[in-house]
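Features reported for this protein in Swiss-Prot:
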type	residues	note
TOPO_DOM	1-124	topological domain 'Cytoplasmic'
REGION	48-78	region 'Disordered'
COMPBIAS	49-71	compositional bias 'Low complexity'
TRANSMEM	125-145	transmembrane segment
TRANSMEM	171-191	transmembrane segment
TRANSMEM	228-248	transmembrane segment
TRANSMEM	289-309	transmembrane segment
TRANSMEM	324-344	transmembrane segment
TRANSMEM	367-387	transmembrane segment
TRANSMEM	408-428	transmembrane segment
REGION	434-460	region 'Disordered'
COMPBIAS	439-460	compositional bias 'Low complexity'
TRANSMEM	518-538	transmembrane segment
TRANSMEM	539-559	transmembrane segment
TRANSMEM	561-581	transmembrane segment
DOMAIN	661-742	domain 'CBS 1'
DOMAIN	816-863	domain 'CBS 2'
Amino acid sequence: MFRNNNNDNNNNDNGFDDENKGIFLDSKIEISDETSLIHKPYHDDYDENGLINNNNNSHNNNNGGNNNNHGPSKVTHRRGKHTFTEADKLKMTKFESLDFPIIDNQIYREYIRRTSKLNHMLKTFGKWIICFMIGVLVGITAYLVKQSVEFVNEFKFDQSGKYLEDERKFIAFLVYYSINILFGVSASLVIIPVGQIASGSGIPEVKGYLNGIRIPQSMNVKTLVGKLVSLILAYSSGLILGPEGPMIHIGSMLGGAIGQVKSKTLKWYPKVLWKYHNDRDRRDFISTGAAAGVAAAFGAPIGGVLFGFEEASSFWSRQLTWRTFFACLIATFTTNIILQGFDMQLHDYGVLKFGLSNKYLYKYSELIPFALIGVAGGLFGALFVNLNAHLSQWRSKFFANKKIYLRVLEVFILITITSTILYCCAAFTPCRSKTQANGSQTNSLDTSSSSILSSSGDNSKNSTKLFKLLNNASGEDKQEDKFIAFFCEQGEYNQMAGLSFNSLDAALRLLFSTSTDIFTIPTLAVFSLISFILTTITSGLMLASGLFIPMMLVGATFGRLVGQVIALFVSVDPCIYALVGASAMMAGFSRMTISLAIIMVELTEGTQYMLPVILSVMIAKWVGDFFNESIYEHLIEQKCYPFLQSQPPKSMIKLGVVDIMKTEVVTLHEVERVSKVIEVLKSEQHFHNGFPVIERPRPLDPNRKDAYGNLEYYEDETTYSGLILRNQLICLLYYRIFCHEQPLPQNPRLLGGNSNRRYNQRRFGRPTEYGYAPADPRMTYELMTQSLARHFPPIDKMNLKKEEIETMYIDLRPYMNLSTIVANETYSYSETYSIFRTIGLRHLPVVNKKNEVVGIVTRKDLL
């Protein structure tokens, strides 16, 4: 049996835990030797900086959550096994769990009873306002990224183009290379003061947080600023990387910041919107921000919602779907309207947008090569994941215990390699006549749409511009494609320069062009191989970067290569093959399905190509799943995040809950001595974040019906009553919510008759068979919720008096969670895993048939 709670309201925020790491280490208060059941430690045990662990190595035996009952610590997912080393286990102890379930205590119930229907409506309306603000800010941020990168790239290509115009190849390369080094190294240096959490795409951190893991520094203001600056600089460095992953992380950080309206980094804790200061609401706002980031980056509001549902979030609801869709719509609208200069006639523009011709359809016989492209996408995607996983593992070992500036040197070396290869590829490629491309060009894709890396200015305004424009032969839509002269004579262009010496979205726009003769087959073959290798070695550098656009570029190049080979024998449109190849390659490394198909269709405006896209995506996922998991699953494992998959590991399904639970538990009584509470909180050997609360002692005589009971004789039982969190106990100590004596008085008639009875009922509550019910709570739900968001001082700085510590008690009954989920000791591992994962628990007490606490399960015990 387990007890559930269907209430969707707030739970207490545990966000201050990481800032209270000094509370227990500095205290020197003498306390009683009386203890509860002290045991081998259970988790969630450490603050998120792992400071307790640094002082006590005895706690490391169970870092992975496995005890001696079931062998070595390892994580097994759907395919393959990942074994954690001792160093990995030590890293895992840094991560705490979030408190998604509601803390349904007496003060919360009292708050609900006195809250009017209007206040409930205002809270719901406030969530919609916050989602609106998330959409607006994410849209503005996407616009700022686009404009900044566009300005830098225009400057870089203009300066290089001046020397290309004069055919000074080496000088042009030095200018191009120097600018790339300047911005690339700067993007890496920005990460040093912020922390490496700001590097990479940030998607593993978003997925981990939404799964219930409190990842240090992953959602704070400093990381947001560092990620944004590094993103802008990195995209101007000439490296093959994309903006989408960082935009998802940035959107998540904006969502968390707007919804909470507080900052632990800045130590700013206003009382505005205190109702949303809990992990559950913050989780929803972060999910909304992640989806809005996708919508703003791709111009795909529906795809953004589906990405949040399918890939990012582990917990979803119908209400969250509507609010997320609203935020994605606002983000896309905000980006578009700013890009157009607030033009009243809106077009389907986006930060990253490609248009395809609506005239040309595929034949059903082409579904066979589309399926084969899906197979190739799955194979190359699995290969990329495997290579990237090994490269990341090598980096973690090679750079361990070495100066961080070596990571900056790595960026310097990679920029040198990338710039040299891409420049030389263009320099040694022969020129082609524009008439060769014009001869078969039927329609080009929509370059009026703005892109993160493209220039929106008039590229033909003077002869020193790098880009030479080829007019569209179609008279229906006066559109233009970018071609690069690159030392070619007038009327000629360099086909490789259009791919290697160009922005990524401009290169994709050329690959999606319906002209069959823009690129030759050897050019596509060489560039597909080069881009795949460079993308593989670039991923994992110490700067903000994403993989979506680079892998789209690899897939589109390969797909167009296949299309042009087939075009030698039958009449086909290579741009469709480029679209299918891009979709297959993205599915091959990310294993996204529904959201990816919708994003690709919204991105290219090619709804008529839905069937080929879905076919290639599904086949690529099936093929990739045969070999390994997605790149993000591997990164989560390598970063030692205690991530709970939707299904339990198959290697552990034969176990029971008794095989994984911690059998000895630190418990507290419903009414506990202040000295005992301080002792438990200060314990370095047993640093816990949740404590089961057991019932008060009961009289020996079960037949006694006196309402006041004879409490001189009693037995100590461990019957489970509820759960109290560490931060709640600290809050009660800080505000001195104490009783002068234990509220279990003798029979009032023996202490002075009716007057004492009335006093005791006023002091301790109504009489029951075993004593007195809890007194009226002295702390409101509003005060506790607001207080839990702040930074409390160490216990020895709370000015607690010795008399208070030695003689007073804390009545935990008004504040403990009365509706916690519990598991019976007969439960299987699979059932326990499902309960824990589905509800998003932090602690799962295990009880026997008598409802006595026999163990406890936390996140790391399930891995």
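Every residue gets a Cβ built from N, Cα and C, even glycine.
Take the transmembrane segment (408-428) and the stretches 125-145, 171-191, 518-538: counting Cβ pairs under 8 Å, 171-191 has the most. Most Cβ pairs under 8 Å with the transmembrane segment (125-145) belong to 324-344, among the candidate stretches 289-309, 324-344, 367-387, 539-559. At the 8 Å Cβ threshold, with sequence separation of at least 6, the transmembrane segment (228-248) lacks contact with the transmembrane segment (367-387), having fewer than 3 such pairs.
Between the transmembrane segment (518-538) and the stretches 171-191, 289-309, 367-387, 561-581, the greatest number of Cβ pairs separated by less than 8 Å involves 561-581. Here the domain 'CBS 2' (816-863) has, by DSSP, the following mix of helix, strand and coil residues: 15 helix, 16 strand, 17 coil. When pLDDT values are averaged over the domain 'CBS 2' (816-863), the model yields 91.
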